[in-house]
Amino acid sequence: MVKVGINGFGCIGRLVTRAAFDSGKVQVVAINDPFIDLDYMVYMFKYDSTHGRFKGTVKAENGKLIINDQVITVFQERDPSSIKWGDAGAVYVVESTGVFTTTEKASLHLKGGAKRVVISAPSADAPMFVVGVNHEKYENSLKVVSNASCTTNCLAPLAKVINDNFGIVEGLMTTVHAFTATQKTVDGPSGKLWRDGRGAGQNIIPASTGAAKAVGKVIPELNGKITGMAFRVPTPNVSVVDLTCRLQKPAKYDDIKAAIKTASEGPMKGILGYTQDQVVSTDFNGDTHSSIFDADAGIALNENFVKLVSWYDNECGYSNRVVDLVCHMASKE
């Protein structure tokens, strides 16, 4: 089983750790966070306002974090090059601080003995992979990769199915996105993005997102054909993508539903979900799919112009894909 170190024990770091234990696919052997001491790690991992209490056991013992009787080495280094990943047995590092997102910065982990790094965020220059979409293009020569964003992980599987079956001429995406840690609880300063500084719990906030353009990086045929924006809304978790696109090949809405359902039961099983139920956002809290197509929420204006709706737990689904990407990379060693 591949041994993993987690850098940054924030929301995604903790949920990747949960996903590792829940799935049993990878073994977390080390965690680094200079801002969270060991006892606080125990508390933060045990209790989660969104996903509930961890169902296993968590404790601190002899300077180590023990989760389900598994011993995890804890570091508190600010400089990634100072973390002794090799000593702890970590071969792969999940870079989830949100700070070291370039190839150069993420590569600092390699100095401490790690073999490869997966950035749990979009990257300006690291190759981006979306499991179920382009993960097969991963090559063993790559040391640092990005798992893209939660929104790209929702949009890309849907866009791939539509493009493969009907062809996308052009598209606009809107994500109605739960608030995240980058936002303010009450109005405050926010650099050049003034709207982003408004109270997250009080407002629907129009915001930018690179998620749609990033789809062009993971599906080259769609490069320059899709762009999008976000509305940040006052909910703590679960977001939804609205993809409005013009199709090359005319298709009835039922044909589109059938193509997505087939993909969800076949090549994209576990990645792309499908529902015809009368669902709302909280119904997807804890869902491990990257994207769950809502068959009854979409509409077609005609056979070439459609609006498609797909849900995602922007924390849980994404964290599970980080684990899946690590597993896929390890299988190529």
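Glycine too: its Cβ is placed from the backbone N, Cα and C atoms.
Around CYS150 (active site, nucleophile), the C-beta neighbours below 8 angstroms that are at least 6 residues distant in the chain are SER239, TYR312, ASN314, GLU315, GLY317, TYR318. Residues annotated as active site, nucleophile in Swiss-Prot: CYS150.
Under DSSP, ILE12 (NAD(+) binding site) is assigned to a helix (H, G or I) in the three-state scheme. Counting only same-chain residues at least 6 apart in sequence, those with a Cβ under 8 Å from the Cβ of ILE12 (NAD(+) binding site) are SER96, SER120, GLU315, TYR318, SER319, VAL322. Look at Swiss-Prot and you will find CYS11, ILE12, ASP33, ARG78, SER120, ASN314 tagged as NAD(+) binding site, backed by similarity to another entry.
For THR151 (D-glyceraldehyde 3-phosphate binding site), the number of other Cβ atoms no farther than 10 Å from its own Cβ, over all displayed protein chains, is 26. If you look up Swiss-Prot, you'll see SER149, CYS150, THR151, THR180, THR209, GLY210, ARG232 marked as D-glyceraldehyde 3-phosphate binding site, on the strength of similarity to another entry.
What Swiss-Prot lists as S-nitrosocysteine is CYS150.
Sequence-distant neighbours of HIS177 (site 'Activates thiol group during catalysis') (same chain, 6+ residues apart, CB-CB distance under 8 A): THR151, ALA207, THR209, ALA230, PHE231, ARG232, VAL233, SER239, ASN314. Residues or ranges marked as site 'Activates thiol group during catalysis' in Swiss-Prot (evidence: similarity to another entry): HIS177.
All protein chains considered, the CB of THR209 (D-glyceraldehyde 3-phosphate binding site) has 22 other CB atoms within 10 Å. Of the binding-site residues ARG78, ARG232, ARG232 has the largest number of other Cβ atoms within 10 Å of its own Cβ. Pairwise Cα distances among SER149, CYS150, THR151, THR180, THR209, GLY210, ARG232, which the record gives as the binders of D-glyceraldehyde 3-phosphate, peak at 16 Å. Classification of ARG232 (D-glyceraldehyde 3-phosphate binding site) by DSSP places it within a strand.
When the binding-site residues SER120, SER149, THR180, ASN314 are compared by the number of other CB atoms within 10 angstroms of each CB, THR180 has the fewest. Here the Cα atom of CYS11 (NAD(+) binding site) is found 9 Å from that of THR180 (D-glyceraldehyde 3-phosphate binding site).
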